[in-house]
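**Q** Dumping the structure here so I can ask a few things about it.
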Amino acid sequence: MAVVVALAFVFLVMVPAPSLVRALSSNYYDHTCPHLESIVASAVKKAMSNDKTVPAALLRMHFHDCFIRGCDASVLLNSKGKNKAEKDGPPNISLHGFYVIDEAKKALETSCPGVVSCADILALAARDAVFLSGGPTWDVPKGRKDGRISLATETRQLPAPTFNISQLQQNFAQRGLTIEDLVALSGGHTLGFSHCSSFQNRIHKFNATVDVDPTMQPSFAAKLRSVCPAHNKAKNAGSPLDSSNLVFDNAYYKLLLQGKSIFSSDQALLTTPKTKALVSKFASSQEAFEKAFVTSMIKMSSLSGGQEIRLDCRVVR
């Protein structure tokens, strides 16, 4: 995420939660655009060769797309006039890598014009980002449509890095996602980087009694405080989300059990017996984590959304 923070931000219910409605199919484009997957993978590989933070950026972009109005590529739309689009909402200001989707779309419009949705391109790019970072691969169900509405105000529905476990559970449940999905998808934090502002609450003025969150490992907290002083002025200061933040692995869960998580919402996963047991399971078995992650990614990426095929991913006709 060069500036990629996490799956993160504040929730407020304003529109009906997306649902698992439209039937998707792994072979949706087999006849209409047979080279789709190789074209998208090529765009992701090319971008990664120039910028190692691209995988985290694409994974985060897909999360943030699906959590608002379903997986409809509304996160890709540009603001127009007085309408501020999702990408300009506070949680999404640090999103980047949109050009990767643009490049894939451009190639696809040459190969099979007007056929592939931007939402499907983003879902495939997120899968490729995980696989090319050393993680699992999976068949992505396809057939999503692109949405026409994108509102910055609705980014308040995204789960925040400051959320406690009940807030996280409620936020995920509104999208038909379970506690298992919550813990597995949080493992996406194995890729990326966070700015200081998203974890400042844990290392300065934690509460009226203590300055630092007592659940943090002391030397780890001290390291974060040195990078992010109380009145931090460095725009790009922050921390990787785990110790191997360019590799998709289960280090996130291992560090979480050691008191070395970045966000309050990460630490929250240790506050109920069920979520803590899942964290321990994934920390001890990368295979178990990858299996759960793939299942939850397919479920999340099937949240229904739009109505059309956009010719330009950033603009509604």
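Just so you know, glycine gets a Cβ as well, placed from its N, Cα and C.
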**Q** Based on the record in TrEMBL, give the one of Cys196, Cys313 in a disulfide bond with Cys228.
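**A** Out of the candidates Cys196, Cys313, the one TrEMBL links to Cys228 is Cys196.
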**Q** Disulfide-wise, see what TrEMBL says Cys112 is paired with, picking from Cys33, Cys66.
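**A** Answer per the record: Cys33.
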**Q** Which one is it, Cys66, Cys118, that TrEMBL ties to Cys71 with a disulfide?
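**A** Partner cysteine, according to TrEMBL: Cys66.
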**Q** Of the recorded positions Cys33, Cys112, Cys118, His189, which one sits closest to Cys66 (disulfide bond) when you measure Cα to Cα?
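**A** Looking at Cα distances from Cys66 (disulfide bond), the smallest one goes to Cys118.
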**Q** If you measure C-alpha to C-alpha, which of His64, Cys112, His189, Cys196, Cys313 (recorded positions) come within 10 angstroms of Cys71 (disulfide bond)?
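**A** Checking Cα-Cα distances against Cys71 (disulfide bond), the recorded positions within 10 Å turn out to be His64.
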**Q** Would you kindly give the Cα-Cα distance separating His64 (active site, proton acceptor) and Cys112 (disulfide bond), rounded to the nearest Å?
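**A** Each residue's Cα considered, Cys112 (disulfide bond) and His64 (active site, proton acceptor) end up 27 Å apart.
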**Q** May I ask for the distance between His64 (active site, proton acceptor) and Cys196 (disulfide bond), taken between their Cα atoms and rounded to an integer number of Å?
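**A** Computed Cα spacing between His64 (active site, proton acceptor) and Cys196 (disulfide bond) is 20 Å.
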**Q** Can you tell which of Cys33, Cys118, Cys228, Cys313 has the most other C-beta atoms within 10 Å, given these are the disulfide-bonded residues?
**A** Cys118
**Q** Compare the C-alpha of His189 (heme b binding site) with the C-alpha of each of the disulfide-bonded residues Cys33, Cys118, Cys196, Cys228, and give the closest one.
**A** Cys196
